[in-house]
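Novice: Questions regarding the structure given below will be posed in turn.
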């Protein structure tokens, strides 16, 4: 960690504390910091309380629960930050160098934290068999979107920005290359999703707790354009490109009714469960990451609105109308069964609904914080948002919890963290579900809000 003086930083800092500025001088765009902090807090909430509250955990397949908004919110925020960080580009070469360097650092942290090397916080071991290394993850997806959209922003920056044209659709015309790239990516995604033939496939079960451990399982497909768990093109592309051993081995579909009698909770797989229930699936895979770039491009568009529309009312009018239009389109596609909401596939309807929701949340925060200046109630979220990478690594990925769990009394289960959760929260509330929820809110989210508040007092941030 290093001390950063906000007035001298011009780097794009992603989901860490970017020097996101409003156009009214050098003041930070506080609503974006708060939105980032809110998203990190949501990640901690759904990860650590979702097992006891399945309604907020990832949907097993089709549908959109609270956890399914986290990734697109991050990508949206990254897009807004890119547009503000790259509003002035003195040297394209230097800008590209910084973007590529930051992308490499994101990939490194992603492989380290989600590739299987770290077993935090529950296991006091580390290391991974490289033949089973998970290649994809949250930070890897952010890295890809950040790289593509940043380079797009750098190389298509309008030379006539100071004389920005007026008109209802001028913002779209001025940045037409962004929409051409977005349409091209969507076309590639849809053509692959619906046009790829998915043959039968097989895999070896590596789950040591399964009675099928070490056995080969076969999955019958032989279809094209199928969006069900076993036979979709997203999984097929990942198996061909990444290799099935390098995919996520605990997909959300294991909580589906087809796989477990405990659905929507996680539980033992049924003895008569379909063969695909035991298979890996990569929710941050290759094809779905291509469509995920659209979430970042939409975020960049919202950042462009900040750059070119000076009045609050004009910005809010554009943001809210765009958000409602995206929500309407996405829900229409879902409920007419043209394309289901699906985070695992990162479907177009899912992009529309989550981006529309991000637009409305951001608009609400912008109104409350940057217009009405109601900032005090959001201070913990703002501090988390300004030091988001620290909270993600130490909190959401459980590195700090693993450190404390390393100091136990006689049995590895007798740790300070487990004692606090059991005696201070669960027993007080006489309910495991309520106790776990209160523990996550107060002992994790609020705790990190206070810690990052202390760092903020001394201008200390974790710069990626």
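Cβ atoms are placed via backbone N, Cα and C, with glycine included.
Just lifted these from TrEMBL, have a look:
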type	residues	note
DOMAIN	28-152	domain 'Heparan-alpha-glucosaminide N-acetyltransferase catalytic'
TRANSMEM	66-87	transmembrane segment
TRANSMEM	99-120	transmembrane segment
TRANSMEM	132-155	transmembrane segment
TRANSMEM	176-197	transmembrane segment
TRANSMEM	286-307	transmembrane segment
TRANSMEM	319-339	transmembrane segment
TRANSMEM	345-369	transmembrane segment
TRANSMEM	390-409	transmembrane segment
TRANSMEM	436-455	transmembrane segment
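Neighbours and distances for these, please.
Specialist: The predicted model assigns the domain 'Heparan-alpha-glucosaminide N-acetyltransferase catalytic' (28-152) a mean pLDDT of 91.
Panel annotation: around the transmembrane segment (99-120), residues 11-14, 126-129, 132-135, 137-140, 142-143, 146-147, 150-151, 154, 393, 397-399, 401-402, 464 of the same chain, lying at least six beyond its termini, place a Cβ under 8 Å from a Cβ of the stretch.
Residues 12, 14-15, 71, 74-75, 78-79, 82-83, 86, 89, 92, 95-96, 99-100, 102-103, 106-107, 109-111, 113-116, 177-178, 181, 206, 238, 242, 245-248, 282, 284-286, 289, 292-293, 295-297, 300 of the same chain, all 6+ positions outside the transmembrane segment (132-155), place their C-beta atoms under 8 angstroms from a C-beta of that stretch.
Beyond the transmembrane segment (286-307), the same-chain residues lying 6 or more positions past its ends with a Cβ under 8 Å from any Cβ of the stretch are 22-23, 29, 71-72, 75-84, 87, 136, 140-141, 144-146, 148-149, 152-153, 161, 171, 174-175, 178-179, 181-182, 185-186, 188-189, 192-193, 233-234, 237-238, 241-242, 315, 318-319, 322, 326, 344-348, 351, 354-355, 358-359, 362.
Here the transmembrane segment (345-369) has long-range neighbours at 30-32, 34-35, 38, 64, 68-69, 72-73, 76-77, 80, 186, 189-190, 193, 227, 232, 234, 288-289, 291-292, 294-295, 298-299, 302, 312, 315-316, 319-320, 322-331, 333-334, 338-339, 375, 378, meaning same-chain residues at least 6 beyond its ends whose C-beta is under 8 angstroms from one of its own.
Panel annotation: around the transmembrane segment (436-455), residues 37, 41, 44-45, 48-49, 52-53, 379-381, 383-384, 386-387, 390-391, 394-395, 420-421, 424-426, 429, 461 of the same chain, lying at least six beyond its termini, place a Cβ under 8 Å from a Cβ of the stretch.
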Novice: Using a Cβ cut-off of under 8 Å, list the residues of the same chain at least 6 residues beyond the transmembrane segment (66-87) that approach it.
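Specialist: Residues 10-15, 18-21, 29, 32, 35-36, 39, 42-43, 45-47, 50, 55-59, 95, 138, 141-142, 145-146, 149-150, 153-154, 157, 284, 292-293, 295-304, 306-307, 343, 350-351, 354-355, 357-359, 361-362.
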